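Report on one structure; see the data block that follows.
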Amino acid sequence: MLLWILLLETSLCFAAGNVTGDVCKEKICSCNEIEGDLHVDCEKKGFTSLQRFTAPTSQFYHLFLHGNSLTRLFPNEFANFYNAVSLHMENNGLHEIVPGAFLGLQLVKRLHINNNKIKSFRKQTFLGLDDLEYLQADFNLLRDIDPGAFQDLNKLEVLILNDNLISTLPANVFQYVPITHLDLRGNRLKTLPYEEVLEQIPGIAEILLEDNPWDCTCDLLSLKEWLENIPKNALIGRVVCEAPTRLQGKDLNETTEQDLCPLKNRVDSSLPAPPAQEETFAPGPLPTPFKTNGQEDHATPGSAPNGGTKIPGNWQIKIRPTAAIATGSSRNKPLANSLPCPGGCSCDHIPGSGLKMNCNNRNVSSLADLKPKLSNVQELFLRDNKIHSIRKSHFVDYKNLILLDLGNNNIATVENNTFKNLLDLRWLYMDSNYLDTLSREKFAGLQNLEYLNVEYNAIQLILPGTFNAMPKLRILILNNNLLRSLPVDVFAGVSLSKLSLHNNYFMYLPVAGVLDQLTSIIQIDLHGNPWECSCTIVPFKQWAERLGSEVLMSDLKCETPVNFFRKDFMLLSNDEICPQLYARISPTLTSHSKNSTGLAETGTHSNSYLDTSRVSISVLVPGLLLVFVTSAFTVVGMLVFILRNRKRSKRRDANSSASEINSLQTVCDSSYWHNGPYNADGAHRVYDCGSHSLSD
């Protein structure tokens, strides 16, 4: 019987492994034409592998695989999807890409592998993606990038790596890669060298470097000079110093060489100086250090992803580009659309999109004072002004905003539904103001917001459901406020990847209903709070231990009790922190519980993001099949056993009847009964033995 079970399981697994199904013909996925393009939508289908499936071979299509369980990609994983022109793999829990996984996808131009758990890009990770122009890998756990990771991507122009754990970029990582748009926000970069890194992206049109712990020392001098020499408006956002302390919070472009390098009186002689104005070339095509087959020998401006025009690539190969010269009279010059810029502000075109309006430090006291109103503003900077309140009416004419900076004002009042018209807003800065309460109504309408910075306010209260209005929020900066507690379910409905709560007044943070909702967290900063190292903090400590040092940014020091003052409670054992609890537990249980994932007494919930007890489906399916087959054979065996028992019972009944007849025959033969017919009227009932035979 066991042999039959094994044979059946093997045959079924073999058959299942060789069946190839068309995801469109068999209606496994939703396949629809949208604006002439076929979209193959396989969202949340539970796929763990794609080698058993195929897609239409007669036309090109966009392949959507987000929300599945493709945790590992093996070589030739997409061999049956060779007509795909874009690939979306967000939210798959993907943690490993084996080199060769993308072989066959030579037509793919856009690859989205964001919101996964990828830790490294190895050499030849992207082998096979010959035509790739756009790579999005933000919100991963990316730490290590091999110098040859992008060497096969000779057409890559847009590289999005924000919100990872990158602390350094290797030399020659961008060699022969024609990068024009680079996003490195929200990583752990302290410096970016010019040689062998920045010098290899001469065609840069847009770069984002915010939210990195920049170390503003001599090593950052080359980055500062490079930023000053790239095209105007190429830098999006700010580069803010994290260290040294004397420069903390200062914008890099506001520093001087003396600030960065006090002991050095001149620029590092190893860096090539930018050419003098008279040495610059006249506008025209120049050779670039990268070429592909069939590509002409000129700069590659190309087309921006959104359909706009990129800045022309007038770059030199071995020297940094010359800074664009902006005259004072051009700042308030009428724009191409003949709309003047509000007085005191400067307006610039964003390549391929709308306007960037800079009203920083212009003594603006109200947004109503900004006249005329420009409807196509996408980035509005109002930092360092005297604004006291903001109201819904202020943003009626700014429906296209993507970035809004209201930092370092005097804002204490935000009218409910103020941002309701800003449906496209992605970045909101309200740091260094006087906000004291956050509520859902204040942020209504911000359905696409990804970044919210409200540090350095006076926030004491966050009402329940505040962040539900921002379902796409990924980065939340709440440090340096007056917070003492967080409401239950405060993070329900959002998938935060980075959270800053340092320098508040938290004595402990509950796990259940608060921290256990941070299932997508990749970086959290909690230092500078007055932690009370007593029994109540044990669940929080165990949660922090499960995160590990890669996610937890800094040490957590006790404020009370006195014997633990300024000690990192992560280095203390649970029985030291809570001796009265562990004194009740046997030594065996105590030693076991030190490494456990939670205490039943404290109601700590395990974090599903770190749950390693899940069974792989490749093990689960054969196991269930074996159980099913075994159960079937067991049922059949029981039926056979029951039928055999019935036959034996019938035989016993037949033998018993024969014995009774023989006994009756014996009695008749002894003439105990009178011969003759049955006489009902007699004193005795008499049977006619002669009328019966054994055959009856």
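Every residue, even glycine, has its Cβ placed from backbone N, Cα and C.
Computed from a predicted structure; not experimentally measured.
Over in Swiss-Prot, the protein carries these features:
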- 1-17: signal peptide (SIGNAL)
- 18-57: domain 'LRRNT 1' (DOMAIN)
- 155-176: repeat 'LRR 5' (REPEAT)
- 265-314: region 'Disordered' (REGION)
- 332-373: domain 'LRRNT 2' (DOMAIN)
- SER695: phosphoserine (MOD_RES)
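Within the chain carrying the domain 'LRRNT 1' (18-57), a Cβ under 8 angstroms from the stretch's Cβ atoms is held by residues 63-71, 74, 76-84, 616-618, all 6 or more beyond its ends. A mean pLDDT of 84 is what the model gives for the domain 'LRRNT 1' (18-57).
For the repeat 'LRR 5' (155-176), the number of residues in each DSSP class (helix H, G, I; strand E, B; coil) is 0 helix, 3 strand, 19 coil.
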